Amino acid sequence: LPQQADQGWAWMVLVAAVVLQGLTLGFPSCIGVFFTDLQHEFQATNSETSWFPSIMVAVLHAGPLCSILVKCFGCRFAVMMGGLLSSVGMVSSSFCKSLSQLYLTAGLITGLGSCFSFQAGVTALGYYFVRWRTLANAMASTGVSIGLTLWPLLSQYLLDEMGWRNTFLIFGGILLNCCVCGAVMRPVKFALGSLLKITCFQVLQNYLAFDIFCQNKRYQIYTIGVTWMMMGFALPHVYLVPYAIQNGLEERRAALLISIIGFINIFIRPLTGLLSGQTIFTGRRIYLYSLAVLLCGLSNFICIISAEFSMLIFYCVILSIAMSGIGALTFQVLMDVVEMDRFSSALGLFTILESITLLIGPPLTGLLVDITSDFRYVFYTSSFFLISASLFMVLSFCALEKKNKLRDTSKVPPDKSCVRLSNADRRLSPTCSASQRTDRTVLS
C-alpha cells in the first residue's frame, strides 16, 4: 500500500486510531470511580477489589499476544475481535455475583479485547503512515488523554443515575465502537502466517527478546527500571478517587480529579513529544524520562500533606505534567536503546515484564491499606517505587557512559610526538609509555 501512504484513506485510519486509544487505553481510568461501590457490593477489602483494575491493565499490556494475532489474521480482524471481546466482557460483568467473576469478565476478557484493539490499531497506523508516522502517532496518542478526560465524568454520571451494573452494560455497547474503527482499517498487504507453523521457540525469539536483554546493557537497565517503576505508577489512578471520598470529598468532585489529569494531558503530551524530538536531547532522552519519573514520584507527597480539594487539584496538575512526559517518552527511549530491526522483539519482552508489575502493584498496596487503614500509604508506596526507579536509571546510565568513555579512551592511538623526544625527555614525559620509547639512534 505504498502509493496510499500518508494521504487519502490514511487520515481516516488516523481518526479511527484516536478513537481506539480513547476507548481502550483511556478506559481503565474510570475504574476508580466504581471502587467504593464494588467494595461495598461484594464486601471486599481494598486488596481484593484492586485485583479487578490490575488484571485489566496488565492484560492490556500483553503485547506479544496481539502481535501473533495480527501476524496470522491482520490488523482489521484483530481490532474487531478486540472490540467484540471488550463488549462481551463488560456486558457479562454487569451480571456478576462475585469479585472472582468480575476478574474474569471485566478484568481478563475486556483487558484482552482492549489489548487486541489498541495494539493492532497502532500497528495499522504504522502501515498507513511513512513520512508522517511520528506526527500520526503523536496525534493518535491524544485519544488516550481524551479518554482520560471523558470516561470518569461519564462513569460518575451513569453511576449516579442507574448504578454500576447498568453502567457496565452501557459500557459494553460503547466498546463495540472498536469494531467500527476496525472496519475502517482496510487490509494492508503483508505476509500472513499460520499459527500451526509457529513453534514455541520462534514465538520466544520473535516476540520476547531475551537475547537482547542479556547482551544489551542499555536495554537491560531501561527494562528493569521501567518494570520496577510500574509497581507504583498505576497506584494513584486506582486509589485517588477512593482516597478523596474517604477524606470527605463529594463523589462527583472526586471523579473530576481524574478528568483534570486527562484534560491537561491533551495539551502537554504533544508538547513533550515535540520537545524530546529536538536534537539537543538526542541520546539523552533517558535523562528527560527519568526526570519525569522523579517528578511523578515527588508529586505524591502533595496528597500526603493535604487532602483538601484545592491541593488535590494542584496534585493532579503536577502529576499530569509528569505523566505526559512518561507517556510521550516511554517508546522513544526504547527506540534509542535498541536497533529498529529488533524493536518489536524488544517491545514484546518489555511489555510482558511491565504487565507483571502492573498486575501485582495495586493489590499489594491494597493489602497495606487494609492493614493500616490509611490511604496515605498508597502515595508513600508509589513515591518509593518511582523515585528509586528514576535514580536507578540515571545512575546506571551515567556509570555505563563513563565506562564506555574509559574504554574508548584506552583505544586512542599512541601520540606520534613521543617518538621525537630524546631518551631523557621521554623518561620525564608522563604521556609516553614504555612501548612508545624509541631509541634516538633509530630516529637519527
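Glycine residues also receive a Cβ, built from the backbone N, Cα and C atoms like all the rest.
The domain 'Major facilitator superfamily (MFS) profile' feature in TrEMBL is assigned to 10-401. According to TrEMBL, the transmembrane segment annotation covers 12-35, 55-81, 102-129, 135-154, 166-185, 221-242, 254-274, 286-306, 312-334, 346-365, 377-400.
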* For the transmembrane segment (286-306), name the stretch out of 12-35, 102-129, 377-400 with the most CB-CB pairs under 8 Å. => 377-400
* Asked: Per the definition of 3+ C-beta pairs under 8 A with sequence separation of 6 or more, do the transmembrane segment (102-129) and the transmembrane segment (166-185) touch?
  -> yes
* Same-chain Cβ contacts of the transmembrane segment (55-81) under 8 Å, 6 or more residues past its ends? -> 20, 24-25, 28, 31, 103, 106-108, 110-121, 123-124, 127, 178-179, 181-183, 185-188, 192-195, 198, 203, 206-208, 234, 344, 347-348, 350-352, 354-356, 358-359
* Given the transmembrane segment (312-334), which of the listed stretches 12-35, 166-185, 254-274, 346-365 has the most Cβ pairs that are under 8 Å apart from it? -> 254-274
* Asked: Could you give the mean pLDDT over the domain 'Major facilitator superfamily (MFS) profile' (10-401), rounded to a whole number?
  -> 87
